[in-house]
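Straight from TrEMBL, the features:
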TRANSMEM  B:12-31  transmembrane segment
TRANSMEM  B:57-78  transmembrane segment
TRANSMEM  B:85-103  transmembrane segment
TRANSMEM  B:128-150  transmembrane segment
TRANSMEM  B:178-200  transmembrane segment
TRANSMEM  B:206-228  transmembrane segment
TRANSMEM  B:235-257  transmembrane segment
TRANSMEM  B:263-282  transmembrane segment
Amino acid sequence: MLHIENISKTFNPGTITEKLALHNVSLHLAPGDFVTVIGGNGAGKSTLMNSIAGTYPVDEGRITIDGTDITKWPEHKRAKYIGRVFQDPMMGTAAGMMIEENLAIAARRGKSPTLKWSSSADSRQHFRELLMGLNLGLEDRLESKVGLLSGGQRQALTLLMATMAQPKLLLLDEHTAALDPKTAEKVLLLTDKIIKQQKLTTLMITHNMRDALKYGNRLIMMYEGHILFDIDSEKKKNLGIKDLLAMFEKAAGSELNSDSLLLS
Amino acid sequence: MDLVIATVSQGLLWALLAIGVYLTFRVLDIADLTVEGSFPLGAATAATLIVAGSHPLVAIVAACVAGMLAGVVTGILCTKFKIPALLAGILTMIALYSVNLRIMGKANLPLLQQDTIFTIWNLGMDKMMTTLVIGAVIVLVVALLNYWFFGTELGTAVRATGFNPHMIRANGINTDNMVVLGLLLSNGLVAISGALVAQSNGFADVGMGVGTIVIGLASVIIGEVLFGTRSFKNCLISVILGSIVYRAVIAIVLQMGMPPNDLKLFTAILVALALSMPLLQARWNKIRKGGR
Ligand SMILES: Nc1ncnc2c1ncn2[C@@H]1O[C@H](COP(=O)(O)OP(=O)(O)OP(=O)(O)O)[C@@H](O)[C@H]1O
Ligand SMILES: [Mg+2]
């Protein structure tokens with residue numbers, strides 16, 4: 001489904017701040033794969049995701065989705081295939097606009113906007129039903145501005161927006177990291193539910209090893225711009241945090257800087 | 001009474017400028033200085049065409065198109081060539097000074113004895129009432145068109161681009177195109193405003209754009225403070241009323257004896273104060289809390 005072949009990315013090449021953030025990374029996702037991604041600070045997780053989303057171009061390599069080469073596509077064109085939720089709850093929605101207006105934009109992800117009036121009684125009914133599924137009472141607040149919602153509500157809404165137009169690929173970059181633990185858990189359960197319902201192919205970055213083990217059918221560990229190991233669903237089932245740490249030490253030849261990863 | 005009518009009709013003619021400035025400054029979140037050039041561009045285009053014998057309505061439409069082109073130039077400079085929006089606007093504004101001189105062939109073009117949008121129809125009213133009625137009709141039509149457009153999928157995307165370009169790109173929309181479109185619409189409206197003001201004043205002048213951005217901002221801010229910002233519809237109405245209130249304020253300070261030459265200084269101080277209000281308010285609240 002998603003094929004990444006040997007992509008590399010260097011930031012600020014030729015300057016003293018030059019940084020090789022991705023080095024020859026290859027990754028294949030089968031349809032329906034739900035892959036959790038872990039790794040220390042600066043390992044290249046976000047760079048990998050932004051490269052797939054097209055936030056910036058890669059220096060080398062190829063990215064294809066369902067056989068379509070998207071390596072050279074601009075970010076907005078890739079959005080036809082890709083739904084995204086960012087770490088920052090502010091990033092995924094337009095705060096100054098109503099919930100309804102945000103949903104109307106997301107419902108047409110990847111289609112050119114037309115001169116049709118953006119809201120209709122039909123669409124409102126549809127949005128209400130979708131919001132009902134979030135269980136946050138947002139179905140009665142279609143005309144509220146998104147800026148009035150809490151961080152957790154905004155992330156849940158962004159998740160809904162990212163998935164309502166059936167993306168081929170869902171990218172989640174620590175989308176619960178800015179939330180308190182209880183809200184984070186709620187949003188994660190919701191994420192899992194939506195992914196399972198729609199059988200979405202998903203990449204989810206997390207700093208929480210327990211979540212990385214609990215969710216998804218595959219786990220990859222990144223380190224210094226490459227994928228250190230890739231654990232399939234059979235092996236993942238019986239894996240504990242201790243095993244992960246041991247695997248990391250063996251593969252990287254150093255101790256994992258555990259400040260950057262939540263161990264519990 | 002006459003003064004009231006004159007003030008309101010001036011406010012209406014300038015309201016299109018205020019809506020234009022609102023579209024860039026608030027909706028797109030860009031301070032666009034193109035308006036200082038597209039306002040006289042609209043005036044120059046309309047005046048030249050009217051002198052050449054065109055129907056005033058045709059002249060206004062042509063002025064709008066010219067303004068839109070100016071907006072597109074700024075839009076392309078800042079999206080395709082990544083020139084900061086403020087500088088892109090300044091470049092277009094400066095270029096337009098020469099363009100406007102070329103259009104008119106001289107610095108000032110009088111419209112004496114010419115038919116204007118305010119004289120072609122005999123509404124059975126005196127000149128001032130006619131200006132008021134025609135100004136009101138035009139502002140109403142423009143406001144309705146704006147309300148419609150910014151409620152469509154495309155208009156919603158333009159508004160969302162100003163709030164959060166990340167979000168709108170993640171939803172598959174080319175933000176560059178939305179910025180160009182917003183600047184196009186804004187400067188089209190500003191040029192219509194210039195065309196109307198020229199016809200009402202009876203001349204177009206190459207220098208009539210000086211300070212228009214500040215007048216626009218003053219109207220936007222006054223309107224927002226006095227009449228609210230709940231929704232896009234609310235904002236549109238606020239900005240139009242803000243333009244009228246601004247004219248009233250000007251009329252009052254002039255009546256109180258302020259020399260007309262100080263008007264621009266007065267307006268600039270007004271806008272500077274209004275823009276620093278949030279910060280001053282925060283400081284003030286802090287001081288008050290600290291004192292307790
Ligand atoms: N836009 C950028 N410009 C310059 N350097 C960057 C940029 N984005 C990332 N980097 C650098 O690239 C490296 C990889 O960063 P990346 O954000 O991918 O890490 P990460 O694995 O997501 O880390 P974290 O867990 O902290 O989010 C880091 O050294 C970072 O400083
Ligand atoms: Mg990151």
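Even glycines carry a Cβ here, placed using N, Cα and C.
No curator has checked TrEMBL annotations; they are predicted automatically.
Outside the transmembrane segment (B:235-257) by six or more residues, the chain places 3, 6-8, 10-12, 14-15, 17-19, 22, 26, 139, 143, 146-147, 215, 218-224, 226-229, 263, 266-267, 270 with a CB less than 8 A from a CB of the stretch.
Looking at which of B:128-150, B:178-200, B:206-228, B:263-282 has the most CB pairs under 8 Å to the transmembrane segment (B:12-31), the answer is the stretch B:178-200. Ranked by the number of CB pairs under 8 Å to the transmembrane segment (B:128-150), the listed stretches B:178-200, B:206-228, B:263-282 are led by B:178-200. Distant neighbours of the transmembrane segment (B:178-200): 9-10, 13-17, 19-21, 23-24, 27-28, 30, 32, 34-35, 38-47, 50, 56, 59-60, 63-68, 70-72, 74-76, 78-79, 111, 116-118, 131, 135, 138, 142, 149, 154, 157-158, 161-162, 168, 208-209, 212, 216; these residues of the same chain sit at least 6 beyond its ends, with a Cβ under 8 Å from one of its Cβ atoms.
Tertiary neighbourhood of the transmembrane segment (B:206-228): same-chain residues 14-15, 17-18, 20-22, 25-26, 31-33, 35-41, 43-44, 93, 96-97, 100-101, 104, 107-108, 190, 194, 197-198, 234-235, 237-243, 245-246, 249, 264, 267-268, 270-271, 274-275, selected by CB-CB distance under 8 Å and a gap of 6+ residues from either end.
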